[in-house]
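J.: Supplied in structure tokens, the structure appears directly below.
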Amino acid sequence: MIRFITLQNLMDYQVTLKLMEDYVNKVINDNEPEIVYLVEHSEVYTAGTNYKQEELLNYDDIPVIYTGRGGKFTFHGPGQRVIYPILNLALPNRHKDLKLYIKMLEEWIINSLNYFGIKGYLIKDKVGIWIKVNKGEFAKIAAIGVRVRKWVTYHGIAINISTDLCKFNGIIPCGLESSLVTSLNQLGIYVEMSEFDKIIQTEFNKIFK
């Protein structure tokens, strides 16, 4: 069974990135086992490889970090569960298929949200997990941005639990309007992070065996 490691306290993004990159190297070079990091970051905007500078609107005192993951701008901060699976897609029980990997991540999060009676949706040409809200509009509850080095995955998923959604006003997240972002709390679901973690671990083990 793949081990989940919960990093305590609010984590600096760059410190966590270094931790991820170091462990990816260990998986590649030393055959270290696969793991999943569970993180809650201090406030930060991150930009993926497809970002456009005009999508950074007003970031005040929140730092901006340019990363190597896929995607555009997003926000990380307190109340958001960030999940970093470091998996070796070259193993015999895996597939060297990035699209399949992302599909499995999507299925994992949709199944986890279903536990709370929330139906997650996929939208064509838009990465992430979406929730149907007022008047048939869709709001994003989970962002996905990954990177692979020698078929070892890192970066991952950010799910809004009790996130301050106003912080998304400083960017156009994932190239979308900030009004199209939601959280479990905004949907009327209040859950402790530790309880949410138990659910995602259970659902993970059903998909990534």
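Placed from the backbone N, Cα and C atoms, the Cβ positions cover glycine too.
Relevant sequence annotations retrieved from Swiss-Prot are reproduced here:
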- Cys174: active site, acyl-thioester intermediate (ACT_SITE)
- Arg69, Gly70, Gly71, Lys72, Phe73, Thr74, Phe75, His76, Ala143, Ile144, Gly145, Gly156, Ile157, Ala158: substrate binding site (BINDING)
- 30-209: domain 'BPL/LPL catalytic' (DOMAIN)
- Lys140: site 'Lowers pKa of active site Cys' (SITE)
J.: Looking at the binding-site residues Ala143, Ile157, which one has the fewest other Cβ atoms within 10 Å of its own Cβ?
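T.: Comparing Cβ neighbour counts within 10 Å for the binding-site residues Ala143, Ile157 gives Ile157.
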J.: Rank the recorded positions Arg69, Lys140 by the number of other Cβ atoms within 10 Å of each Cβ and report the first-ranked residue.
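T.: Sorting the candidates by Cβ neighbours within 10 Å, the top entry is Lys140.
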J.: If I take the alpha carbons of Gly71 (substrate binding site) and Lys140 (site 'Lowers pKa of active site Cys'), what is the distance between them in whole Å?
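T.: Gly71 (substrate binding site) to Lys140 (site 'Lowers pKa of active site Cys'), Cα-Cα distance: 14 Å.
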J.: Cα distance, Lys140 (site 'Lowers pKa of active site Cys') to Arg69 (substrate binding site), nearest Å?
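T.: About 19 Å separates the two Cα atoms.
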J.: Average the per-residue pLDDT over the domain 'BPL/LPL catalytic' (30-209) and send me the rounded value.
T.: 90
